[in-house]
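> Before we start, here is the structure in question, set down as structure tokens.
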Amino acid sequence: MADREDNVTVPEFSSLLQMDPYLKTYEKDFKRRYDLLQKRLFELEEAEGGFDQFTRSYKTFGVQRQPDNSLFFKEWAPAAEALFLTGDFNGWDKFSHPYTKKDFGKWELILPPKHDKSPAVDHHTKLKVVVHTKEGERLYRISPWAKYVNREEKSVIYDWVHWDPPQPYNVIHPRPAKPTSLRIYEAHVGIASPEGKIASYTNFTNNVLPRIKDLGYNCIQLMAVMEHAYYASFGYQITSFFAASSRYGTPDELKELIDVAHSMGIVVLLDVVHSHASKNTEDGLNHFDGSNSCYFHSPPRGEHKLWDSRLFNYSSWEVLRFLLSNLRWWMEEYRFDGFRFDGVTSMLYHHHGIGSGFSGDYSEYFGLQVDEDSLVYLMLANHILHTLYPDCITVAEDVSGMPALCRPVEEGGLGFDYRLAMAIPDKWIQILKELKDEDWNIGNITHTLTNRRYGEKCIAYAESHDQALVGDKTLAFWLMDKEMYTNMSSLIPMNPIINRGIQLHKMIRLITHGLGGEGYLNFIGNEFGHPEWLDFPREGNNQSYHYARRQFNLVDMDHLRYCQLYAFDRDMNRTEDKYGWLAAPPAYVSAKHEEDKVIVFDRANVVFIFNFHPNKSFQGYRVGVEVPGKYKIKLDSDMVQYGGHGRLDHGTEFFTEAQPFNGRRLLLNVIEP
């Protein structure tokens with residue numbers, strides 16, 4: 001193998017080394033990974049006529065209506081002894097419609113049309129695959145390729161429902177161009193209304209999309225769309241990979257949601273879960289053919305101990321077909337614009353990140369602990385997506401800091417566009433939990449916000465869904481807690497807790513937006529300081545929806561201060577849209593003053609000045625800038641409409657002086673309260 005690796009060339013590896021010469025030590029690892037990828041692509045070319053055809057397998061597997069209205073069924077069930085199709089169409093006869101066994105564990109069945117030439121299975125009727133195992137068991141299963149599944153009210157198990165509407169949804173709007181500055185609104189359809197129930201795709205289209213547009217976000221990251229039998233899993237225990245969750249409505253209503261978002265110039269990413277799958281057997285992938293493997297590694301490798309779920313065998317040809325076609329399906333059928341890949345850390349390492357602190361030592365990212373099957377799967381997925389859809393956006397959720405995660409595949413990287421800056425929200429929560437205001441470490445905050453791999457784009461965020469889950473709470477609630485129940489009225493003076501909370505909520509968001517990355521993310525409702533936390537209906541809370549909703553009604557009440565936080569978030573995004581700091585090179589931090597608690601940086605011709613001191617204002621504060629000329633205030637968290645005190649005169653003009661200061665060429669004297 002060593003000889004083979006020496007002959008491999010990673011075409012643009014030198015570009016990666018220019019950014020990070022220390023990776024030279026691991027050149028063999030990069031070569032091996034790249035070689036494995038090229039081998040996969042070559043095999044796809046040889047066996048399947050290339051990846052384009054291979055990744056469209058959703059057009060041949062599951063159920064397909066042919067031009068003459070006959071129905072073609074196809075499954076992969078290598079361990080099965082026999083397969084039958086049953087359902088409403090044949091009065092649930094378990095034996096009348098056997099599949100025919102083909103090579104490589106495949107099974108096929110053709111149902112001719114009815115006498116009136118209509119398909120043998122009607123739209124919206126139930127189906128099941130009956131699997132006979134070698135041990136003589138009879139199992140009832142849902143096709144892994146099922147495009148729609150539903151659950152009757154009294155039932156626990158989901159049903160495979162044939163989806164072939166007479167008038168399918170027709171797309172009206174083209175995809176918007178890929179944004180240069182990514183401002184992401186992370187959303188969950190089911191919680192997107194103030195009512196104590198599961199909200200719908202249509203509610204989201206009509207009531208939430210206009211808010212997102214108004215707020216200045218240009219990208220939505222939709223969670224919990226892939227079908228999951230257990231609502232309280234937050235959409236992370238997938239049971240049907242090709243089915244859009246029916247609890248929010250129909251596939252066509254999701255298509256309309258995305259189409260309307262596109263009409264507003266907003267791109268939509270799917271939170272895709274390819275890191276693991278639900279253990280459910282009757283309505284999931286687990287034991288589909290009666291065996292303990294099939295789509296997964298057999299235990300113990302095929303089980304995630306912490307998540308209590310199954311782990312895919314990424315070296316299996318049919319698993320690659322299934323997962324890569326799944327990505328293609330969401331892009332083609334629903335017209336998503338890309339993906340946020342969940343659980344990437346778990347995929348990258350055999351230890352799944354469990355009990356591993358990741359000190360940042362490069363040896364942690366190479367060698368035997370790395371699961372190269374799944375790493376190469378991610379390279380393959382990114383290569384295929386970006387080749388077929390040049391504007392596709394892929395985001396990795398990785399806590400480990402894997403080098404070259406967001407560098408092109410041609411350099412030996414994994415090919416993601418962005419990674420989530422997961423250390424930033426942890427830092428804010430830690431500060432608010434553990435430190436008094438006067439003990440905030442300005443250098444440490446600045447370090448956390450700027451500590452990222454050069455040339456690899458990050459999505460910065462102050463809080464996401466993770467921080468709001470039960471056991472934790474939103475930043476607004478960390479800041480103001482129970483005071484939010486009684487003192488958010490703008491008709492009464494702010495008490496010290498509300499005053500501090502309102503100001504820090506804005507400042508934490510703006511400094512994260514300006515300094516923390518090349519993209520920004522906000523979780524639904526947090527833009528206006530949503531109180532409390534998130535908790536889905538479950539046995540432990542008597543199936544309550546009280547914390548599984550977003551109280552947009554709070555923003556719509558003018559006499560409450562939530563609309564002030566909303567207004568600041570909106571104007572922060574609109575200011576970024578004008579100046580484009582997210583698309584600019586990283587900021588230059590010219591001051592991080594521990595005693596004054598002041599941070600100053602410039603980025604994209606904008607100067608950011610933050611005073612985090614709990615009780616001290618400054619007159620005539622001197623800051624360093626690079627660009628000469630006249631400066632004016634463009635965004636001010638102290639404005640009255642943002643819940644501030646209106647202490648700054650926005651008519652003031654500030655002129656640079658030709659005097660070097662704090663590592664910048666020029667000096668600016670800022671009159672600040």
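Glycine is no exception: its Cβ is also placed from the backbone N, Cα and C atoms.
Quick paste of what TrEMBL says about this protein:
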| type | residues | note |
| --- | --- | --- |
| DOMAIN | 179-561 | domain 'Glycosyl hydrolase family 13 catalytic' |
| ACT_SITE | D342 | active site, nucleophile |
| ACT_SITE | E397 | active site, proton donor |
> Return only the integer: C-alpha distance in Å from D342 (active site, nucleophile) to the residue listed as 'active site, proton donor'.
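Cα of D342 (active site, nucleophile) to Cα of the residue listed as 'active site, proton donor' measures 6 Å after rounding.
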> Counting every protein chain present, what is the number of Cβ atoms, excluding its own, within 10 Å of the Cβ of D342 (active site, nucleophile)?
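So the number of other Cβ atoms within 10 Å of D342 (active site, nucleophile) is 21.
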> What is the total of other Cβ atoms whose distance to the Cβ of the residue listed as 'active site, proton donor' is within 10 Å?
19
